[in-house]
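First the structure, in the form of structure tokens, and then the observations on it.
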Amino acid sequence: SMKNYPCIVCNATFSKKKDLVAHRLTHNDGKPYFCNICDKGFAKKSTLKNHSFVHSGEKPFSCNVCNKSFSWKTSLMAHILVHTGVKTFSCSICNNSFTRKSSLMAHKLV
């Protein structure tokens, strides 16, 4: 019989998707929810749902100040700091503060 469903972790192949799904649990590390597109595993169903936005391009989380949209709620929360002026990332050398971690990292390179 033809084996159409490969396991991306160990390359085992299965003729039925349900057998692959059952097999995945041997590799799950506490992550029983898998993305149908990239096969990435997640511990929570809600995290898998949010991950699906990466593939669909959907950005359901919008800033109420500038209307910029994001795929992840955490990205929106980080973005909101730009508008509030809260600078949570501080340089341990000179005490300059930044709204974004990436800005702090760039600062440290200078």
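Here the Cβ of each residue, glycine as well, is placed from N, Cα and C on the backbone.
These features come from TrEMBL:
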type   : residues : note
DOMAIN : 5-32     : domain 'C2H2-type'
DOMAIN : 33-60    : domain 'C2H2-type'
DOMAIN : 61-88    : domain 'C2H2-type'
DOMAIN : 89-110   : domain 'C2H2-type'
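Counting residue by residue with DSSP, the domain 'C2H2-type' (5-32) contains 8 helix, 4 strand, 16 coil. Averaged across the domain 'C2H2-type' (61-88), the predicted model reaches a pLDDT of 90.
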